[in-house]
């Protein structure tokens, strides 16, 4: 019987299934960070349990670490406690960790693939919503809660119920100026933030196949914003080429065996999906969110929608509340919206490809950050991304134009460190969530691609990067 990619990943990890469908799954890799792991480790200590499979875990501090000068450590006592606690727990249990001043440190969903700890055919979990990122490698990856983090540490298994299968098929050539971020925002705009609820989404079609691994990770990263449990892309040569030679990847004869095994992780011809959604890539334009949910998105050449035209009273109320919070009027052209701050970073868009795309726009415009922009910051996703960008001179492109070039971390995506918006400030952000207060109490977030964020920094408002040439 023909199987989907999700079916194969699920079936190869079943330990036991109850009559009601509840399944005990084996977990190949757990990624840990400082926010959702302390209680899990404490639970192990209280129960006097060891970590079942130490080598299956990899840890890094990312949420609370400062992105400015780290020579004096972490100033905030709560943030310092969380980071110090992860350090102590990893030392106590023997878990591999990239500490704050390790060049390999970075955002957990960037360092996993970067190190080759994310591999095709794996089940991967982390106490973090955007674990779906790793599905770009033909893996089953999703976020879990703190009690589940403890369960995986203790047993290397997890109780789950199987999701339904959804295929999101994007065909055609992506227009100039459009990126993976625009693809996934367009998908969420089409199906809504509840469109994927109860499903695992496979992203397929010629447009997805043409993406780099960085682009595929961006798309899978935001599967959770479409309501899905997981997002994934089939394994192909692009996947294999990206992984070869990375530190955690098999070598020699084991590499050849692994590649042969990995190539099975794609949907069979004739595999049945519970739902299929199709998009024409040629119709996608640069996207900008206008509200307080990723589904509240429109094209750069569009306008802020008018709630009065919405027939659904629930949606209309949500739109009215969002516009009030965002301080926007219906029918406002998106290009006329001015911004106060720029954030280029996050597990969605802080890889080297993203940094290059933003730097290209800055260099093309050949001007400094607009006078109305109070802060424009670039936060690489890892120390290795930062080092690569600096070797290419990209840091100087940004700093010469008035951007701040920072140390790696989650940063302004969720404002758990000192990087945040003040009340009323408007930000063009390459992150994944534009909820109320996400980037700081009263802050107003517009989600865009790195190129769009860079252009907004220079112009002081949103612009159509397709016009840049």
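Here the Cβ of each residue, glycine as well, is placed from N, Cα and C on the backbone.
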Swiss-Prot [4Fe-4S] cluster site partner of 410, 413, selected from 347, 427: 347
Nonlocal neighbours by CB distance (under 8 Å) for residue 410 ([4Fe-4S] cluster binding site), same chain, sequence gap 6 or more: 62, 63, 107, 345, 346, 347, 416, 417
Counting every protein chain present, what is the number of Cβ atoms, excluding its own, within 10 Å of the Cβ of residue 413 ([4Fe-4S] cluster binding site)? 28
